[in-house]
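Engineer: Have a look at the structure that comes next, please.
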Amino acid sequence: MEEGENEAPAPLPVSSVVERLVALLEEIAAISDYRNSYKKLFFNLSRRIKLLAPMFEELKESKVPIPVSTLVTMEKLNRALDLAKELLLLGSKGSKIFLVLERDQMMERFQDVTSQLEQALDEISLDEIDISDEVKEQVELMHSQFKRAKERIDTIDMELYADLLKVYNMTTDAKVDPVILRRLTEKLQLITIADLKQESVTLHEMVSDGGDPGEVIEKMSMLLKKIKDFVQTHEPELGFLTATNVGNTPVIPDDFRCPISLELMGDPVIVSTGQTYERRCIEKWMEAGHDTCPKTQQKLFSTSLTPNYVLRSLIDQWCETNGMDPPKRPVQTGKPQSVCSAGEHVKVVDLVRKLSSQNLEDQRSAAGELRSLAKRNADNRICIAEAGAISILVSLLSTNDARTQEHAVTALLNLSIYEENKSKIIFSGAVPGIVHVLKKGSMEARENAAATLFSLSVVDRNKVIIGDSGAIPPLVSLLSEGSQRGKKDAATALFNLCIYHGNKGRAVRSGAIQILITLLTDPEGTMMDEALAIMAILSGHPEGKAAITAAEALPVLVKVIKSGSPRNKENAAAVLVHLCNGEQQQQNLTELQEQGMMVPLQEMMESGTDRGKRKAAQLLERMKRFLEQQEAQSQAEAQSRAQMQEMADNLTGTISSALTLTDT
C-alpha cells in the first residue's frame, strides 16, 4: 500500500467552494426556453434554484469563516446542483420527442434531483453562516417548496404522450389521423421550418453522442418525418412552406422574408432583440409560450411589437417595381399599439422630427412638448415610443443646454411609467446618460434622473445594470444635499437598488450610513421613514454592519424603538438584530441591557407589525441567552473566588500551625 493511501483529500478552501457554487448557479440561471411538455416542471425547478443565489453572494463577500461541517454539506449541494443543471440542459436543448417518450425516466430524474436538493438544504444550518435574515427567510421558503415538490411531482400531458406513443408504434407506411398530427405539431411546438430542422439535428446528435443508433432513434426520426410531411402539406395557410420560384416570379430578397414563415412580409414588426418578423407569425410564436427570439434565441425582455414602417415602405416599392401586388395586411382586431388619433400621431411624428434637428430651439421645444404629452396618459407614452423618440431623447441627455436636458430626462421618466417602455429605455443605452444628469444636471434634472432610475429599477435585472453604471454614489450625494423632493427621490431609488445585494456595498462605500444617521437625528424627522428602511437593508451586508457600528448608531436606534412609529420600530429592530450578531454582539447586547430595552421589545412583540414582532422576539432571545451567560459566568467567578479564599484560609492555617510548632 502506498504511503498516505488512506488519507482523506484536503478540503477545498472556503472561497473555492462558494465561488464554484456561485458560478454553477449563474450557469443554471442562463438556461432557458424549456420544452413545452415539461415547461412547468423545468421552470419551477429553475426558479427555486435561483433563490439560492443571494445566499452564496453574501457568503462570497462575508469575512466570517464557514464551519467545516457546513462546507461538507455544501459539497453535497454542489453535486445535487450539477445533476439539476444536466436535467435543465436536457429540458432546454434535448429532443422534444425523446423527452415525451421517455416520460417515466424523466419523472424519476425530477424526483431524484428534487430529493437530493431538499436533503442537502436540510443539512445546512443557516444559523452557522453569515447571511442576512431576509436571505435566510428566502432560503427557508425555498427549502419548504422543495419538500412539497418531493412529495408531489406533476405529470405531463397524457394526451400528448398517448398520441406520440401511438404514432411511434405505427409502421412506416401507416396512415396517421391528421387530427393527431395537428395536436402533436402544436403541443410539441414543431410549427416552423427552424423547429423541425432543430429537432432533426438534436436527434442526430443523440446518435453521435453515443446514443442508440438503432431502432429507437430510427423510429423517432420516422415519427418526425410524419410530422414534417403533415406541416408541409396541410398547413400552407400558416406560412410553413419554403417559397419556390414559379415561372418568372422575381426572387424575394431575404431581408423582405419573415424568418419564421419565409414569406414576403406584409406587416413587419420589430421585437425587443431588434429582429423583424411578420406580425401574425411572431404573435403566434409568443402565444405558444415562447419567450425567445426565433432567429437569435435571445430572451425577449418585452412582448411589445414596434411596426417597421421603413421596411414596409421598401417592400411596397419593391412590389411596385416588379409588377406585384403588395401583401395584404390583416385588419388589426386585437389591442392596437396605441389609440392616439391620426392628428395626435402626426403631431408626435413631427415633434420627433424636430427633436432630431440641429436647431437648439426646436430640440428644446420638442422635448418640452413630448415631456408634457408623455405625462398625460398611457396612449401617448405608447405612441411616442413607437415613433422612435426614446433613442433621440437619450442622445439629448448629454446636451449642454440645461433646459433641454431637464425636458429629456423628465420625458424619459414619464415614458418609463408604461411598463413596456422600461426595456426600450434600457436597451437604448439610457442609463449612463441618466447617471450623467444625476451628477451634473440642475437640481430639477437630478431629481427627475433619480426618479427615472427608481422607475427603471422596478425590473430586477435593471438593478444590476444601474448599479454597474455608477449610479449609487451620485444618488447618495443627492440624498445628502438635495431638496426635500430630491432626497425623497434619491432614497426611493437607493432602497430599490439595494435590494440587489451587489449594490449594498457600493452604497456603504459611498458614505450612505453617515448620511442616514444625520437624517435620523434631524429634529424635523422628515426623512426618518426612508432612512431607517435603507439602513435596515444595508445592515444585512458585512460592510454595512461595520459602518453602522463604527458610527455609534445604537443609541439612535434604541430611541426609535422606544418612541417611533410601528414601521420605524420594525426597521430599527431589524438593524439591531444584525448588530447583535457577530464580533460586536456582546458589546451591543450589554448596551441594550443598560438602555433598558427588555420592556420596549416586549411591548413591540405584543403590538408591533408582523415583521417587527419577529425581530423583537429575536432580540429578546439573544438578550436572554446573553443574561444567562452573564449569570453563569458570575456564578463561576464567585465559585472560583470562594475556592481561592478557601485555599488562602487553609494556607494561613497551615502556616500558623507550623509557626506554633517552631516556637515550641
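Just so it is clear, glycine is given a Cβ too, placed from its N, Cα and C backbone atoms.
The following feature annotations were taken from TrEMBL:
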- 251-325: domain 'U-box' (DOMAIN)
- 388-430: repeat 'ARM' (REPEAT)
- 470-512: repeat 'ARM' (REPEAT)
Engineer: For the repeat 'ARM' (470-512), find every same-chain residue at least 6 residues outside the stretch whose CB is under 8 Å from a CB in it, and list them.
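Structural biologist: Those are 54, 57-58, 61, 135, 431, 434-435, 438-439, 443, 446-448, 450-451, 453-454, 457-458, 460, 463-464, 518-519, 526-527, 530-531, 533-534, 537-538, 540-541, 543-544, 547, in sequence order.
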Engineer: What are the helix, strand and coil residue counts for the repeat 'ARM' (388-430) according to DSSP?
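Structural biologist: Helix, strand and coil residues of the repeat 'ARM' (388-430) number 35 helix, 0 strand, 8 coil.
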Engineer: Treating G and I as helix alongside H, and B as strand alongside E, what does DSSP give for the domain 'U-box' (251-325) in helix, strand and coil?
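Structural biologist: Output for the domain 'U-box' (251-325) reads 25 helix, 12 strand, 38 coil.
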Engineer: Kindly report the helix/strand/coil residue split of the repeat 'ARM' (470-512) according to DSSP, in that order.
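Structural biologist: For that range the per-state counts are 34 helix, 0 strand, 9 coil.
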